[in-house]
Amino acid sequence: MAAPRFTDQLNVQIGNEFAAHNQYLACAVHYDALTMPRLAAFFYGQALEERLHAMMMVQYLLDTDAPVVIPGVDAPVSTFDDVVAPVALALDQEKRVTEQINGLLRIAREENDFASEQFMQWFIKEQVEEVATMNDLLAVVTRSKDDVNAIEDWVAREQGAGDTDPTAPPAAGA
């Protein structure tokens, strides 16, 4: 079984991942309403990815006979002033999640919970990619905020469907 201190915090993180899912869904709906289908699709995909992360955490807890708690989450921000605001919020969110993931790894190390430490390694790598992606997207959206077609073209070109990562942890229900 995973260290109790780690499992308690991982249950909190499950809620954080579901909150991120809802936030990305709100961003996607915003871009859909602006008739920006490529950016909307990107954020719908990000929402699904955050849900998948939560389900990976659920599966890990199940696999280690640890209790699973699905916490409630606050409503996401759903109104934005312009095309830049959702991406800026997303970058801030990814930076916050990175700190949360780093904290989980720190707890696993402090508790000498080697299996949980190994489990968190994939999420560390994932967060580096997520922050880099949002940094790039924010630069493009900021630079092209008055030309939504340029934004849509960049998203279509640079943010295509990625391959499934064979090193990803299994997800509950998958």
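All residue numbers here begin at 1 and follow the chain in the order shown.
Every residue, even glycine, has its Cβ placed from backbone N, Cα and C.
Here the structure is a predicted model, which means the values were calculated and not measured.
Across the domain 'Ferritin-like diiron' (1-145), the prediction's mean pLDDT works out to 98. Under the heading domain 'Ferritin-like diiron', TrEMBL lists 1-145.
Counting every protein chain shown, 21 other Cβ atoms lie within 10 Å of the Cβ of Glu94 (Fe cation binding site). Here TrEMBL flags Glu17, Glu50, His53, Glu94, Gln127 as Fe cation binding site.
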**Request:** Report the member of Glu17, Glu50, His53 (the binding-site residues) whose C-beta atom has the most other C-beta atoms within 10 angstroms.
**Result:** His53
**Prompt:** Around the Fe cation site (Glu17, Glu50, His53, Glu94, Gln127), what further same-chain residues have their C-beta within 8 angstroms of the site's C-beta centre?
**Reply:** Asn16, Ala20, Glu49, Val97, Ile101, Phe123, Glu126, Glu130
